[in-house]
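Here the structure comes first, spelled out in structure tokens, and everything after it is commentary.
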Amino acid sequence: MSVPFTLRSALGPCRAASRSHSGRELFSSKYLVVQKRQIPHLTYQHSEHDLPSLARWPQITRRTASSASTPSSVPAIPYSSLTVGVPRETWPNERRVAVTPQNVTLLLKKGFSRVLVERGAGGQAQILDHAYEQAGATLVDRGALWSESNIVLKVRSPRQEGPIDEVEALHQGSTVVSFLYPAQNKPLVEALASRGVTSFAMDMIPRISRAQTFDALSSMANIAGYKAVLEASNHFGRFLTGQVTAAGKVLVIGAGVAGLSAIAAARRLGAITRGFDTRSAAREQVQSLGAEFIEVDIQEDGAGQGGYAKVMSKEFVEAEMKLFMEQCREVDIIITTALIPGKPAPKLITKEMLAAMKPGSVVVDLAAEAGGNCEATVPGQLVNYHDVTVIGYTDFPSRLPAQASTLYSNNITKFLLSMAPQDKSFGVDLSDEVVRGSIVTLNGEILPPAPRPAPPPAPKQTAAAVPDKEQTALALTPWQKATRDVAAVTAGMGTALALGKATGPAFMGNMMTFGLAGLVGYRAVWGVAPALHSPLMSVTNAISGMVGIGGLFIMGGGYMPTTVPEGLGAASVLLASTNVAGGFVITKRMLDMFKRPTDPPEYPWLYAIPAVVFGGGFIAAASTGMAGLVSAGYLVSSLLCISSISGLASQQTARRGNILGILGVASGILASLAAVGFSPEVLAQFTAMAGAGALVGALIGRRITPTGLPQTVAALHSVVGLAAVLTSIGSVMADIADISTLHMVTAYLGVLIGGVTFTGSIVAFLKLAGRMSSKPTILPGRHVINSALLGTNMATMGAFISMGPASPIIAATCLGANTVLSFLKGYTTTAAIGGADMPVVITVLNAYSGFALVAEGLMLDNPLLTSVGSLIGVSRSILSYIMCVAMNRSLTNVLFGGIAAPQQTQKKIEGQITQATIDDTIETLANAESVIIVVGYGMAVAKAQYALAEIVRMLRAKGVKVRFAIHPVAGRMPGQCNVLLAEASVPYDIVLEMDEINDDFPDTDVTLVIGANDTVNPIALEPDSSISGMPVLHAWKSKEVIVMKRGMSSGYADVPNPMFFMPGTKMLFGDAKTSCDAIKAGLEARK
């Protein structure tokens, strides 16, 4: 006895396509061409969504369309010469219709001459003749339809008894597409062959990935499983959900399409549900639906050919029957779906088992048409056996005729349109495995059945048995982990001890501030939602503008600076003010984009109250003596800046966080002004510099678009770096004769860090803005060059510290050399980094600006600069780490390229892409139940987010479940794609991160990929690829993938993407905005 568990009968859902034939002989063309097509040898099974092998893609020969000048090997007839007929079904109890009005319109749009529909064909499916007429169909009587149609599309096979002999009505050379079951209906097949009819069996379409959209059996099985639960509940005397009584218990035998549909329906009704299948791969699917997977003790996998189960061993069957007997004593409803190809259905529920069931129980036998899985089943009838209701209906899909007709119409129409060896033409290409698998008769001959695809081979055990050396090396024992932790703690404590001995209390006080603020920043950034990483970068960039506070301490003169250091201080304030104002304005604009109409009201103007209270109170208190006011101001500023970053943790508190950041910077500047005690003239100079800078920054912030955010943030980073350089140089030159060693060291480091930040940010700006090639600029011996530059920095630092105080000329020369060297180092290190890594570079540069603030704080003995700088530097470093993890890269590898670069193996991806059209995409999206949209920087470049938002709105209005999937490094800046979607008013609650949505792809009907490449590349799962280990979105696991791209160029990682060549993927070439606009217009037209 064999126990396969996938229902494939006329119950099954259908998506078939018919082929047309004119009355003349179709296969008389003399011209042939054969083209090789590479298709992955991947058997499609509903329980499998695993990545196919990327290295071995077997070839099959496929004849395809050719140009007008090239002979074609597949004779074809233009659609314009063909008439499609849709007759009324005459089989008893059959209520479905083969083609719905929606697909009548599609066939006519594709170019078919006419679509004839028999009057009343859709009546029992609740489709009126008027609907067909509006769609463009021609309503005719039965005789006219059969005599004038070249292609006949049906649900059930042509009937020889009844109102008309439908086989005799088919004229020679015509084509019929329907469920045929040729193995069971040999006289019918012989009759069709004798009439010279070409026939295709929808039930014979092979179960491969490319044929998913034609799989009518699966469509109907889906409906049958759902309807089976409804029928069972109608005859069951209690609630299925637990209320006053216990919840009903349902057992589903077979986890194919019908079984999984039944499990899902039973779970939705609140029943305790159990599932059984001989295939081990079904376990995960059953459990994912919330059901319990039951199994026998014998370990034997039942996966067979064509998605069915195989014949099991005698021992397994005996254990299976014992298990079923135990279940029959417990459960209330049993639904069976087991079928064996070409054989009667196996008997799984015996009469003894029925007798053991509780009175009032129900058995629904979905295999009744093939004899039934239950011994008491009577095909087509409902019977009662020992107070157990046994339902053996064979027309479950027809009991939901409207839904069944819609699904079948999609299947059969797409199948018909797939048989187009030339554009807008019909032909039979026997090298096409779908055509060859489904064709039954051709030119008066009966074709032997094509062999079914074998199940994918089991993975070799030898490869898994060999441990990876790198993985072995990374596995730490508890002892190794403990010793490393202890070593880290010991090193930290020892360093603090050495610093305490070598420095004084003031320095160690600043270091304590640095450590505590860094710990707070470390904790705060982990809680920030990835969608808010762009606003987080913007607000920290604005706060880092407090580097200008260092400039306050070297400003002087009068209304104008009178010395070079004073001029450097004024320039630092000007630049820093630009960064502060621009950063906060940009942050506010980004956060406002995330607002939803349903959000509760906000009252940001109320925060003017604490601003006025603190500012007015501070000035009033300072007029009678400073006391501890400056320290109080520093404390308030530090706490507000910490609260600002923490506020970015969620959408609900993000805008408040931006306001707190503004208050924090303002209070810090006010306290610093009190600390330096400017004269009215210098205060006027400060006001002019700060006001001018703030005005420029605000204008930049108002004019920038979300697409230009990455380069703008990079440009503002450069301003912070340059301000740090000017402040550090000015503080040294202001009083070189009386300066501490600590001041000199920190000033030198401030110039070094600020200089690298300045030129590195400029290079990042140029690359992100497209004004410089995004490819790495690799200098010969670049590591030697960078090492030499760093060594020269250290040498000049030694000369600066030892000889600078005694000789201002030497000090100026060393600082000048340090500035030039740091500028060069910023260029050489950043130019060598490719465009794909620019998001990490931006965050690292932001961290640099924080550490430049720390250097200033130590230099000036200013706890505010130390705390805020530590907060920014550590938090941005953690974000850099988060992004490197998302790319499976080390920070060293990102910043220094060749160091620790992974070994790469170039893979040649073979195969042929499948192109999609706008109409195909519209049809696919309109018929989907769930859609995931993966976006990347290509969406930003094309500015397609607005049209995309409208598409999402229309699909959601139709009840389609639409969500967005965002990779952590999508775009050119962390969180940029989130901001772009928010700008287009896409609700942020349907925009999910990779970890939140990756497991949902297998259950998704359509994944639409727009402007993304590396982030959906399955080659990352290959151990020897250049992006091996990089977490990616598993878009290829969805049932269908449509990729929008301008062309077939690779992404920034310069790695080919095998997903583009998979049979379930279609490529929609063109500008993303143009394509989205066309899809939007098409969906609007379908309303």
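Note: Cβ is positioned from N, Cα and C throughout, glycine not excepted.
Per TrEMBL, compositional bias 'Pro residues' is recorded for 448-459.
The domain 'Alanine dehydrogenase/pyridine nucleotide transhydrogenase N-terminal' annotation in TrEMBL covers 85-224.
Annotation source TrEMBL lists region 'Disordered' at 447-466.
Per TrEMBL, transmembrane segment is recorded for 507-526 (among others).
Here the transmembrane segment (538-561) has long-range neighbours at 567-573, 575-584, 586-587, 590, 641, 644-645, 648, 657-658, 661, 664-665, 668-669, 672-673, 676, 678-679, 681-682, 684-686, 690, 709, 713, 716-717, 719-720, 723-724, 726-728, 730-731, 734, 846, 849-850, 852-853, 856, 859-860, 862, 864-865, 868-869, 871-872, 875-876, meaning same-chain residues at least 6 beyond its ends whose C-beta is under 8 angstroms from one of its own. Residues annotated as transmembrane segment in TrEMBL: 538-561 (among others).
Per TrEMBL, the feature transmembrane segment maps to 567-586 (among others).
Look at TrEMBL and you will find 606-626 (among others) tagged as transmembrane segment.
With a cut-off of 8 Å between Cβ atoms, the residues of this chain six or more beyond the transmembrane segment (632-650) that come close are 517, 520-521, 524-525, 527-529, 532, 535-536, 539-540, 543, 614, 618, 656-658, 660-661, 663-665, 667-668, 670-672, 674, 862-864, 867-868, 871, 875. TrEMBL lists 632-650 (among others) with the feature transmembrane segment.
The transmembrane segment annotation in TrEMBL covers 657-676 (among others).
Taken from TrEMBL, the feature transmembrane segment covers 682-701 (among others).
Distant neighbours of the transmembrane segment (713-733): 537-538, 541, 544-545, 547-548, 550-551, 553-554, 564-569, 571-572, 575-576, 578-579, 582-583, 586, 739, 743-744, 746-748, 750-751, 753-762, 764-765, 768, 804, 808, 811-812, 815, 819, 822, 826, 842, 845-846, 848-849, 852-853, 855-856, 859-860, 973; these residues of the same chain sit at least 6 beyond its ends, with a Cβ under 8 Å from one of its Cβ atoms. The transmembrane segment annotation in TrEMBL covers 713-733 (among others).
What TrEMBL records for 745-766 (among others) is transmembrane segment.
Marked as transmembrane segment by TrEMBL: 787-803 (among others).
Residues 721, 725, 729, 732-733, 736, 747-748, 751-763, 779, 782, 785-786, 789-790, 792-793, 796-797, 799-800, 803 of the same chain, all 6+ positions outside the transmembrane segment (809-828), place their C-beta atoms under 8 angstroms from a C-beta of that stretch. Annotation comment: TrEMBL describes 809-828 (among others) as transmembrane segment.
The transmembrane segment feature in TrEMBL is assigned to 840-858 (among others). The list of residues near the transmembrane segment (840-858) in space but at least 6 beyond its ends in sequence, with Cβ under 8 angstroms from a Cβ of it, reads 507, 510, 513-514, 537, 540-541, 544, 546-547, 549-550, 710, 713-714, 717, 720-721, 724, 727-728, 742, 746-747, 749-750, 753-754, 756-757, 760-761, 764, 830, 833, 864-877, 879-880, 883-884, 887, 889, 891, 894-895, 969, 973-974.
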Open item on the list: Quick check: do the transmembrane segment (657-676) and the transmembrane segment (567-586) share at least 3 Cβ pairs under 8 Å, counting only pairs 6+ apart in sequence?
Closed with: yes
- [ ] Quickly jot the same-chain residues contacting the transmembrane segment (507-526) by Cβ under 8 Å, restricted to those at least six beyond its ends, or write none.
- [x] 496, 499-500, 536, 638, 642, 645-646, 649, 742, 854, 857-858, 861, 863, 866-876, 878-879
TODO: For the transmembrane segment (745-766), could you work out the same-chain residues 6 or more beyond its ends whose Cβ comes under 8 Å from its Cβ atoms?
DONE: 711, 714-718, 720-725, 727-729, 731-732, 772, 793, 797, 800-801, 814-815, 818-819, 821-827, 829-831, 838, 841-842, 845, 848-849, 851-852, 855-856, 858-859
Task: Distal contacts, the transmembrane segment (787-803) - CB-CB under 8 A, six or more residues away - done: 741, 744-745, 748, 752, 810-811, 814-815, 817-818, 821-822, 824-825, 828
Task: For the domain 'Alanine dehydrogenase/pyridine nucleotide transhydrogenase N-terminal' (85-224), mean pLDDT (0 to 100) - done: 91
